């Protein structure tokens, strides 16, 4: 039960074996993806033909490595572009949302807070199609009434950004709002009492206090955007982001190049994850 | 009541650092501060003592500028500060939980107010250094707030305010979070610090010992109004209201009916209990037949040696010992009055002569009529039961 | 600092309102509008329940729908069963460094894209994959076995992908249970079984509910995992939505499907909250 209550050794060891199995289950898919990125074979499967870096660096039509695959690199650029805008927009709106819900009392606040949580419980595919429908009918309306073709309302980068922004903002609001709720209001009063103006209280006390949460939420937002598939699938067009490109390749039949891309993704997200954990640790101290 | 009490011995030559005139504050139907007027002399340590919810925090926040009174006026060194926002008032506050900025170093905390005033940075460094040295933390400037001990945090919170040379330092129960030992120590330290720097301190607390030990003058507050303002010994020996008598120091209390009134004293009859004679206190007149509260302090009661008889002019009771509450210098005996069954606390003398009392032992106690205080119950606040 | 009729209030309300109304509320109203219409002539539409009637009269549609719902509930239950002992182990059996390490190890796989994780399972499970080879090597099977493209594979993928969203709320809620309380239960004569049933599980209920709700929603709305691990016969409802929208271009029917999926998830979440006496806001924060 807990370390201070002794249990039969057999039970203890069964429990430990279970935990071990669980972690094998957790790690196995990632481990095989990483390992086969270095297999000297055209297929990401056994047998093991020896170690190679071809799937990163090679530049022949048969063996196209990640760093030479311009289509793949381009889609990384597209994903980064999308993720940048989604992060910027959602952190901005999440911060204003946090102040709105933590610092003001108004009618229907509970109800509006529930609406704020809504995007979290709407399946990504549905959020995608609903935005697709709405922007499409708006585009059709502009076309019919004003004879204007509004390009950004058709599937493409702008819609992908808006679709991801729609639900990532909720997550970011929860992170930043939780931090603001934890803040001792007397810190602001003390600063004000020591002669600071209200803007300078915001600048020197409140925002620095929120900074770890904003960085953490920013990292989460960036990764969620970079890795999003469901919403993006419904809203994307010719400029496909990385996950869509990888998905298409996967269905065509994959080469270990996909493993190489995946490994790079794992490393980047692992590093970002550690940074965000570190920031959160510092926040608590 | 005593709402127009002002610091008594103020004459024309002393400077009044803070004055409030008929200050009122309501929240809906609730009266938080009820017509409070006071004057505080420059350089004094003034405490506002009262139970939680009595309005003392509201009063302090109005002085600081976080709340505005509904009516009345607040003057700092003679000029009204109504409408002056908190960041422009010459009054700084030490918060209950100190509110030190966790994202800044100790020195940056102390420098904060000076930076807001756009003081030149060389000047800031000098003054911060002096301020830290004055609280014996000269070498802690680079530390993080979380590296300080509880007592050090207190001193930084005070230094952060004093570096701005405010006219008033407001302290909102800052010792509440400390453990007992450290609290006793900080009481002395705060009092000494105040007399060293000479700034007017306004200290609010619900802990009577903090107020009595540190202050030149204490205002006892209850239900939004001042019950009595006076020196600590005034409050203790000459309480003016039933509430003060019950709240400041320990006291045994009876409810009784007046049977006879002299000039300054009266005789009262406790229902099913003794007849007690005592001094008439308070501003409210007392008439025969009226209900009164009768107080006597545990240390005013003598235990009569067996074989002796009680003085005829004193109040006396036959009691049995219920329990001995040993607490070093503050040991008391818990007795029960044989006639009425009421429990009484009696302080045991330091000589230790009664330390051998046994449970169930019968004895006689007595105390002087001068130390028996009677207050009319009529003017009691609803919450003033102790 | 908090007069709520101030200009600041409106400045904070504006981004929230724009985000919520334009990206969440209007798109869903539009989707409902499209679901409730039928094309009568080119560019002519009329109000109709035709799309919903079609759903109930075409067995493929509502069977897929029911199958998705049942599989999602099953996946949620399995995730809870697997995650609970692990969360308990992390929260109550471990201390200090090993605790944070194992918890972190639990989280890190989920910072990696769902696509990569699913790809890992494909490499493990397919005919030429790691497990098939391992079984042959061990002599348990005589030829290659295809473990991919069946319901079990879908289930493994769904459980794997949802694990984090179960473990985090469970660890959080179990950590808040004082060891003293478990010790007291033993001290008063309880055993492992009664302590679990009467102390630990009731205490963990809020975490169990919030974990289950999030996992259920994510599973129901998942597209990637059933699609890649289940192959052509995965019959997942989101795939139907995708097909109607992108391949058949039948937005009316697709929208009706979307509305039905939303209704189903709301209904089951509502039931879950009612049965456990929780609210959505308390579960999400």
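Each residue's number is its place along the chain shown, starting with 1.
Backbone N, Cα and C atoms are what each Cβ position is placed from, and that goes for glycine too.
Looking at A:240-259, A:260-279, the range tied to transmembrane segment in TrEMBL is A:260-279. The stretch that TrEMBL tags with transmembrane segment, taken from the ranges A:153-176, A:177-200, is A:153-176. For the transmembrane segment (A:208-226), the list of distant contacts is 79-80, 82-84, 86-87, 90-91, 94-95, 98, 164, 168, 171-172, 175-176, 178-180, 183, 187, 242-243, 269, 272-273, 275-276, 279-280, 282-283: same-chain residues at least six beyond its ends, Cβ to Cβ under 8 Å.
Taking every listed stretch (A:20-38, A:76-100, A:112-133, A:153-176) in turn, the largest tally of C-beta pairs under 8 A with the transmembrane segment (A:260-279) is reached by A:20-38.
Ranked by number of Cβ pairs under 8 Å to the transmembrane segment (A:76-100), the listed stretches A:20-38, A:112-133, A:153-176 are led by A:153-176.
Beyond its flanks by at least six residues, the transmembrane segment (A:112-133) meets 97, 101, 155, 159, 162-163, 166-167, 169-171, 173-174, 228-235 of its own chain at Cβ-Cβ distances under 8 Å. Outside the transmembrane segment (A:153-176), and at least 6 residues removed from its termini, the chain residues within Cβ reach (under 8 Å) are 78, 81-82, 85-86, 89-91, 93-95, 97-98, 101, 116-120, 122, 124, 127-128, 131-132, 135-136, 138-139, 142, 210, 213-214, 216-218, 220-221, 224-225, 228, 231-232, 234-239, 241.
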